[in-house]
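One structure is given below, encoded as structure tokens.
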Amino acid sequence: MSQFIRHYLLSLQFFTRIPVTGRLANWVGFSPAMLRASAGHFPGVGVLVGALVAAFTALLLFVLPRTGSTPLVAAALGTALGVLLTGAFHEDGLADVFDGLGGSAERERALVIMKDSRVGAFGAIAVMLALLCKVALLALLGAVSATLMVAALFVAHVLSRTWPLLTIRLLPHVGDAAGSKSKPLADQISVAALLTGFIWCFMALALVISTQSATEYIAINLTDTALLQALLSAVVASCVAWAVMARWFWRRLQGFTGDCLGATQQVCELAFYLGLAVGL
């Protein structure tokens, strides 16, 4: 259990701005092997981030005046909190990927561009569109049901952090290995770590499904069958998005970088919201 907590806190330290400092940080420790073992807790980080964002969004929906634009405001501020909690870690990956692969047809040149800390036109446009689409889709879900919007936020943050584990498992790491912060995560991710990630994901999905009957009084307005169909549509859409991204990385780069993992998380999160909306 002690090792489990250490790996989780190390993953939290790596993927978010949530402070793990002082004596706690000393107790957690660090090594490339530990960071590699912590990869399975990537979705577990999504559980905490998703819970915080979902709770904040639910609070906004409760305290703000109930108008037609309330879901839009709550979605925008909830999304902003998510960006703050992660330090725009995944959005930065999305920008770098689209700068590199959108701005160059050559593999080596694309990898160089992706390492550049400056943001180009392709990257800026990709991040702006992703944020706009995320807020718009969440507002759409909120117009159907406030509870549905909050539940979607929670599950999407977990599921979208699960698919990158498959990318790590199936594709080789490319680029500057020595200078890559993600290299320990890319080396020989174990089946146990992969299973840990999927257990986190299944727990999140089970929580939402099992609480359906308990939350009917706050107007999800969906039968159990309809909720399952909508969730299935969202999960499938997210999975398809992962497959498309993985194929793109293989075709263009013959592997992945840390930026590719962040971009995958962002695209899969968007696909989940879209799939859920279509499945309603």
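Just so it is clear, glycine is given a Cβ too, placed from its N, Cα and C backbone atoms.
If you look up Swiss-Prot, you'll see 44-64 (among others) marked as transmembrane segment.
Under the heading transmembrane segment, Swiss-Prot lists 69-89 (among others).
For 111-131 (among others), the entry in Swiss-Prot reads transmembrane segment. Tertiary neighbourhood of the transmembrane segment (111-131): same-chain residues 79, 91, 94-104, 174-176, 179, 253, 257, 259, 266-267, 270, selected by CB-CB distance under 8 Å and a gap of 6+ residues from either end.
For the transmembrane segment (135-155), the list of distant contacts is 47, 50-51, 53-54, 57-58, 61, 68, 70-72, 74-76, 78-79, 204-205, 208, 215, 218-222, 231, 234, 270, 272-274, 276-277, 280: same-chain residues at least six beyond its ends, Cβ to Cβ under 8 Å. For 135-155 (among others), the entry in Swiss-Prot reads transmembrane segment, with the evidence type sequence analysis.
Sequence-remote contacts of a segment are chain residues at least 6 beyond its ends whose Cβ falls under 8 Å from one of its Cβ atoms, and for the transmembrane segment (189-209) they are 36-37, 39-44, 46-47, 50, 151, 154-155, 158-159, 161-162, 165-166, 168-169, 227-228, 231, 235. Annotated transmembrane segment per Swiss-Prot: 189-209 (among others), in sequence order.
Long-range contacts of the transmembrane segment (226-246) within the same chain, counting only residues at least 6 positions beyond its ends with a Cβ under 8 Å from a Cβ of the stretch, are 152, 155-156, 159-160, 163-164, 166-167, 170-171, 205, 208-209, 212, 220, 256, 260, 263-264, 267-276, 278-280. The transmembrane segment feature in Swiss-Prot is assigned to 226-246 (among others); the stated evidence is sequence analysis.
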Quick test of the contact rule: Cβ under 8 Å, at least six residues beyond the ends. What residues does that give for the transmembrane segment (44-64)?
8, 11-12, 15-16, 18, 70-71, 73-75, 77-79, 81-82, 85-86, 142, 146, 149-151, 153-162, 196-197, 200, 203-204
